[in-house]
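Engineer: Just lifted these from Swiss-Prot, have a look:
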- ASP82: active site, proton donor (ACT_SITE)
- HIS83, HIS180, HIS208: Zn(2+) binding site (BINDING)
- GLY181, GLY209, ALA210, SER211, ASN230, VAL231, ALA232, THR233: dihydroxyacetone phosphate binding site (BINDING)
Amino acid sequence: MYVVSTKQMLNNAQRGGYAVPAFNIHNLETMQVVVETAANLHAPVIIAGTPGTFTHAGTENLLALVSAMAKQYHHPLAIHLDHHTKFDDIAQKVRSGVRSVMIDASHLPFAQNISRVKEVVDFCHRFDVSVEAELGQLGGQEDDVQVNEVDALYTNPAQAREFAEATGIDSLAVAIGTAHGMYASAPVLDFSRLENIRQWVNLPLVLHGASGLSTKDIQQTIKLGICKINVATELKNAFLQSLKNYLTEHPEATDPRDYLQSAKSAMRDVVSKVIADCGCEGRA
């Protein structure tokens, strides 16, 4: 009952004018903080993991943890495959019980991207699994990229409609100027492009690379159709910096049950802020 597909979550967000945050988890403490905070705020959240996270923790272990915590807190949770690229890997995890998938073939030419994504969609929809795919590519900040090159990396609004119709995806991740990781300076998001995509595509839209974005920018993207906000680096950085500071100030510390508390507190602040920025408190 409590481990759910993201499809209904994102459709509700689209109707309600808010976004659902997807937090990439890397250890037990991250998952505890995300679930506890979401439950306290009655906010819908998505537990996301890259292939590396699933390899590190084990698919069955992650599924068991999410299921147990959803029941413990009486709070619906979705567990989501983030940036997965291999069909066989996705199929295995779906058969294990995962109900939300992002197939990332955005590095491929347009026609091949469609073909790869449609293969995954056709398989996943047999299991009532929701599928997200990306059109366009996120990068880092590269000063030597020319305007026409940047445009080629961003999501083309007209192509977005063709892509959505040809693949049958449930949500679309768009490239409008965000990047994975934290920003050295404030990014310039292409809001007009996002608005055009919204006019061409009626699916819930997804924003990757949201770590470090301002509240104003996040809320503006939501007004223009973003229904899912991905956060990873911001959580990792909060965990790491707090842990470093604690161990520097308490070099005698040896018990992780003690020294991880400050790291959890720092992550809790991040999760609370993202939920507030997404406007999803009280929506679960």
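Every residue gets a Cβ built from N, Cα and C, even glycine.
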Engineer: Taking 10 A as the limit, how many CB atoms besides its own sit near the CB of HIS208 (Zn(2+) binding site)?
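Structural biologist: Cβ-Cβ neighbours of HIS208 (Zn(2+) binding site) within 10 Å number 26.
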Engineer: Quick one: Cα separation, HIS208 (Zn(2+) binding site) versus ASN230 (dihydroxyacetone phosphate binding site), in Å?
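Structural biologist: Each residue's Cα considered, HIS208 (Zn(2+) binding site) and ASN230 (dihydroxyacetone phosphate binding site) end up 5 Å apart.
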Engineer: What whole-number Å value do you get for the CA-CA distance of ALA210 (dihydroxyacetone phosphate binding site) and the residue listed as 'active site, proton donor'?
Structural biologist: 14
Engineer: Would you count the other C-beta atoms found within 10 angstroms of the C-beta of ASN230 (dihydroxyacetone phosphate binding site) for me?
Structural biologist: 25
Engineer: Please report the three-state DSSP label of ASN230 (dihydroxyacetone phosphate binding site).
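Structural biologist: Reduced to three states, the DSSP call for ASN230 (dihydroxyacetone phosphate binding site) is strand.
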Engineer: Rounded to a whole number, how many Å is the Cα of HIS83 (Zn(2+) binding site) away from the Cα of GLY209 (dihydroxyacetone phosphate binding site)?
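Structural biologist: Cα of HIS83 (Zn(2+) binding site) to Cα of GLY209 (dihydroxyacetone phosphate binding site) measures 12 Å after rounding.
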Engineer: Rounded to an integer, what is the Cα-Cα distance in Å between the residue listed as 'active site, proton donor' and SER211 (dihydroxyacetone phosphate binding site)?
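Structural biologist: Cα-Cα distance, the residue listed as 'active site, proton donor' to SER211 (dihydroxyacetone phosphate binding site): 15 Å.
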Engineer: What number of additional C-beta atoms lies within 10 angstroms of the C-beta atom of the residue listed as 'active site, proton donor'?
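Structural biologist: Result for the residue listed as 'active site, proton donor': 25 neighbouring Cβ atoms inside 10 Å.
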Engineer: Fewest other CB within 10 angstroms, which one of the binding-site residues SER211, THR233?
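Structural biologist: Comparing Cβ neighbour counts within 10 Å for the binding-site residues SER211, THR233 gives THR233.
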